[in-house]
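TrEMBL annotations:
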- 1-220: domain 'tRNA methyltransferase TRMD/TRM10-type' (DOMAIN)
- Gly109, Val129, Gly130, Asp131, Phe132, Val133, Leu134: S-adenosyl-L-methionine binding site (BINDING)
- 244-427: domain 'tRNA (guanine-N(1)-)-methyltransferase C-terminal' (DOMAIN)
Amino acid sequence: MNFHLVSIFPHYFESPFASGLMGKAVENGLVAFDHVDVRHFAGGIHKSVDDRPFGGGPGMLLKLDPMAKALDSIESPGRILMLSPRGKPLTQARARELSAEEDLTLICGRYEGIDERLLDLYPIEMVSVGDFVLNGGEAGAVCLVEAVARLLPDFMGHTDSGEEESFSAGLLEYPHYTRPDDYQGLVVPEVLRGGNHGKIEEWRRECSLESTLNDRPDVLPEASLTVEDIDFLRTLSRTRLGRNLYIALCHYPVVNKFGEKVAVSVTNLDLHDMSRVARSYGLGGFYATTPIEDQKALAEQLLNHWKKGAGSIANPDRAEAFSKVKVFDDIEAAVLDIETQTGQCPRLAATSARLDRRKHAEPALTYADVRKWLEISPVLLVFGTGHGLAEEVLAKAEGILRPIRFLDDYNHLSVRSAVAIIVDRLIADEY
Ligand SMILES: C[S@@+](CC[C@H](N)C(=O)[O-])C[C@H]1O[C@@H](n2cnc3c(N)ncnc32)[C@H](O)[C@@H]1O
């Protein structure tokens, strides 16, 4: 496989590509590097490759002409990749796909990057090696070359190595041990020394599952899991962000379609569906708030039917869901209740289907913001009935969560659907 490395620092690659298995692969002719020094294609006495950006701003840019000439000099470039933090992430799946190519050209940026018109001139695919900024594309190119080349047949000497590693099956890899089997009392797990290959395989799979759940729960949704895997995962303890999340459904004060402050009736359907979400996602609790006495009595009657009355016998699952529900006068009473239970004052986040266009409004809260809060504190997420929460409730919240489907103009969801979507985005399956 031929890597054409387009860079202003070709010497950068000397040591990494001469060491270890990569050095051997070069010797064996499995991998070849073609260093294309952009400076050779620069004009003028100074051979300058950079210039100031139009529109001002800090730093310099790599000029178009030397870059274009450098690319034109490559006879057989194959796919052209440019290392850039703006690119699609380099993943194991992408590395595997690239390993099927004969030639790959890698463009390494420097300074603030490269004149954007290079992308108009060549079919360039941008690749990022992570959500951080490096000084130049060379370090990223080393990562890409390593990830791709080691998947070539014969690179590692044994063909199955690439299959067993982290991310190959969507999971992190299991731990490895070598001699001595006892190092200062730290003993290699018994199963690895017993020689029972079935047991070793089972142990390794379980270790992979456990470390993925603990260290990278975000990759679990994409992993291919058997029923046995899931049964095992269920036995493990995990971070349960849900226990810190409380939801409230506010029936007063909310607004009607004319923007007037009103009270809305309690509905059976909202109580059922929201309590089921609260139970399914292991939430701390669900508060239905209304100051109207007959509405509170109606809600209590419903709850009693399902928790203690005939409903509890016919459907004990529903009784379990309703055990999460409390009926209070207002949001302040819910906040106090959470404080009493947890010893911590909850952070208050409001929800709305509308963008907050008030003057000097803060940017909307993201799901990542609220997830961070959940890691250390109880959070009360307030949902509105009618046409949404009244201004006085919004004003009490620390922030308003970005509306669901904020990029489209129609997002009229029932509050029950909104609760399910928002809670799922915050907690998902892996927490
Ligand atoms: C200082 S960076 C330029 C960063 C650019 N101004 C930005 O904010 O996106 C210089 C060069 O380093 C490379 N680079 C930096 N971070 C990278 C990353 N995370 N992945 C891939 N390449 C990266 C790119 O080739 C980039 O053109």
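Even glycines carry a Cβ here, placed using N, Cα and C.
What you are looking at is a predicted structure, and each value in this text was computed from that prediction instead of being measured.
Everything TrEMBL records as a feature, shown here on the structure.
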| residue | record | DSSP class |
| --- | --- | --- |
| Gly109 | S-adenosyl-L-methionine binding site | coil |
| Val129 | S-adenosyl-L-methionine binding site | coil |
| Leu134 | S-adenosyl-L-methionine binding site | coil |
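Counting only same-chain residues six or more apart in sequence, the Cβ atoms lying under 8 angstroms from the Cβ of Val129 (S-adenosyl-L-methionine binding site) belong to Leu83, Pro89, Leu90, Ala139, Gly140, Cys143, Leu144. Contact annotation for binding-site residues (Val129, Asp131, Val133, Leu134) versus ligand 1: Val129, Val133, Leu134, each with CB under 6 Å from a ligand atom. For Asp131 (S-adenosyl-L-methionine binding site), the same-chain residues that are 6 or more apart in sequence and have a Cβ closer than 8 Å to its Cβ are Pro85. Gly130 (S-adenosyl-L-methionine binding site) counts 11 other C-beta atoms within 10 Å of its own C-beta, drawing on all protein chains shown. With a cut-off of 8 Å between CB atoms and residues at least 6 apart in sequence, the same chain places Pro85, Gly140 near Leu134 (S-adenosyl-L-methionine binding site), listed in sequence order. A 10 Å cutoff on Cβ-Cβ distances gives Val133 (S-adenosyl-L-methionine binding site) a total of 7 other Cβ atoms nearby, all chains included. Counting only same-chain residues at least 6 apart in sequence, those with a Cβ under 8 Å from the Cβ of Gly109 (S-adenosyl-L-methionine binding site) are Leu62, Met82, Leu83, Ser84, Gly136, Gly137.
Listed in sequence order, the residues of the same chain lying 6 or more apart from Phe132 (S-adenosyl-L-methionine binding site) and placing their CB within less than 8 Å of its CB are Pro85. Here the domain 'tRNA methyltransferase TRMD/TRM10-type' (1-220) returns a mean pLDDT of 96 for the predicted model. Per the record's binding annotation for S-adenosyl-L-methionine, residues Gly109, Val129, Gly130, Asp131, Phe132, Val133, Leu134 show a top Cα-Cα distance of 16 Å.
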